[in-house]
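Pulled from TrEMBL:
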type	residues	note
TRANSMEM	59-81	transmembrane segment
TRANSMEM	93-116	transmembrane segment
TRANSMEM	122-140	transmembrane segment
TRANSMEM	168-190	transmembrane segment
TRANSMEM	202-221	transmembrane segment
TRANSMEM	248-275	transmembrane segment
TRANSMEM	287-304	transmembrane segment
TRANSMEM	316-335	transmembrane segment
TRANSMEM	341-362	transmembrane segment
Amino acid sequence: MVDAIHDELPARAQNAEPLRRLEILVYGAGHMLNDITSACWFTYLLLFLTDLGLSPRDAAIVMLSGQVADAFTTIFAGELIDRFGHFKKWHAGGSILVAISFSSVFGGCLPCKIIGKNSSTLQTIGYSLFAAIFNVGWAVTQVSHMSMVNCITLNPTSRVALNSCRNAFTMVANLSLYAFALVVFSVYNAKAYDGIKLEYRWIAYMSIFMGCCFVVVFLIGTKEPALKQRRHYESFSKISWNYWFKKALYYQVAIVYVLTRLITNVSQALLAFYVIDDLGMPQSSKALVPAIIYISSFIVSVILQEISWTSSRLKASFTSGAILWILSGSGILVLPSSLHSSMYIFSVIIGIANALMMVTGISMQSMLIGKDLNGCGFVCGSLSFMDKLSCGLALYALESYQDSDQIMRSSAENGGFSVTRYGLGLIPSFCALISALVTCSMELEETHSEQLTEPLLV
């Protein structure tokens, strides 16, 4: 049976030859639903809930409930995927749950409607419930999609290209969201409770529709990875967790991955508050500034797919991105409202830094896994567990310091330093510094492989 399955494997997979462009593009489309809903989650959830009247602490509880559900689901999803395989089935199931539940996150408090009360406690419970359900589906989709990279090909450059393409589609998803948001905010410009809910409901519906279209393309155009089937029949024993816990590289990659996710997620969650409350920029800037960041990231992500990657290049690129974030964070910390136009320049730099760090940081996971495909689900799941939990706790801590009466107080008029300014300026910069130091200490296996069979830039 092993020989039969081996014979059926594509030659590119067996010989670690580079993948074709279409295979990479179709794979990258598979995370669009997760990406566009995640962008809405981190950029607008806290803003949406506080606009509806919840305190910053209650809004943070809603986000924390989702992050905790996401964190624990990644562990179970990774274990089950390692044990049973079937990446596409897990991906499809998670996507369905995301599509069904996400509209309820921004669709109003369902328990409040059922009971007939609208207290802040009941609102917090209602939104937290759907936030948790949404994140369960999101985690299943993420782990299955990320784990596929290592089972589609053994070629290091193609693995980086898959991650880079995935990151490029993340940029497309985010840009699409901010385009939707810019149109909706310009048309409605709502101030009342019902108007605010309608704004975000339209954004959620458009995001779900677009993401589902790309999920269908992925499910039709991507085959179940043959390498996973081969490894399953060659060795029935799953790799023990202790195998990874005994590797120093596992902890190094975990630190880098978690800190990189903290940088992108915390900055994304605080950015809208910063440009509106601290810099006094117009309402359209809460869509325009993030859009500039993701345009820059998209361009860099596409360029990164054209490079023949080695471990030394991964480390150098990641460190370069970390340095750019440190410089940007320092500028954000001291930027006065009178120079708020400079934020557009910082947005470009942040976008470049995010792309460099995300693409190379995720690719370090692939170098850690190598050919140990029976443990790819655990690695992706465990790192995501730490990522989601740390991000949820960090945002909860930051929002807990925000008093509902003071959330708007630290603006350009008095030049004060808010928790938002400190959080956006210091936390990403500190995380970037630590992750760069850890990256420099890594001993990655030096590899060199051919470039892709077709260039992605045509």
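A Cβ is built for glycine as well, from the same backbone N, Cα and C atoms used for every other residue.
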### Task
Give residue numbers and ranges for long-range contacts of the transmembrane segment (316-335): same chain, 6 or more residues beyond its ends, CB-CB under 8 A.
256, 263, 274, 279, 304, 342-343, 346, 349-350, 352-357, 359-361, 364, 417, 421-422, 424-426, 428-429, 432-433, 435-436, 439-440
### Query
Quick one: do the transmembrane segment (122-140) and the transmembrane segment (168-190) have at least 3 Cβ pairs under 8 Å, skipping pairs fewer than 6 apart in sequence?
no
### Query
Which stretch, 93-116, 248-275, 341-362, tops the Cβ pairs under 8 Å count with the transmembrane segment (287-304)?
341-362
### Non-local residues, at least 6 beyond the ends, that sit with Cβ under 8 Å of the transmembrane segment (248-275)
39, 42-47, 63, 281, 285-286, 289-290, 293, 318, 325, 332, 340, 343, 350, 354, 357-358, 361-362, 364-365, 367-368, 379, 382-383, 386-387, 390-391, 394-395, 398, 407, 420-421, 423-424, 427-428, 431-432, 434-435, 438-439, 441-444
### Query
For the transmembrane segment (202-221) against the transmembrane segment (93-116), do we get 3 or more Cβ-Cβ pairs below 8 Å once near-sequence pairs (under 6 apart) are dropped?
yes
#### Entry: Intrachain residues whose Cβ lies under 8 Å of the transmembrane segment (341-362), provided they are six or more past its termini
146, 160, 163-164, 166-167, 170-171, 256-257, 260, 263-264, 267, 275, 279, 281, 285, 289-290, 292-298, 300-301, 304, 314-315, 317-318, 320-322, 324-325, 327-328, 331-332, 335, 432, 435
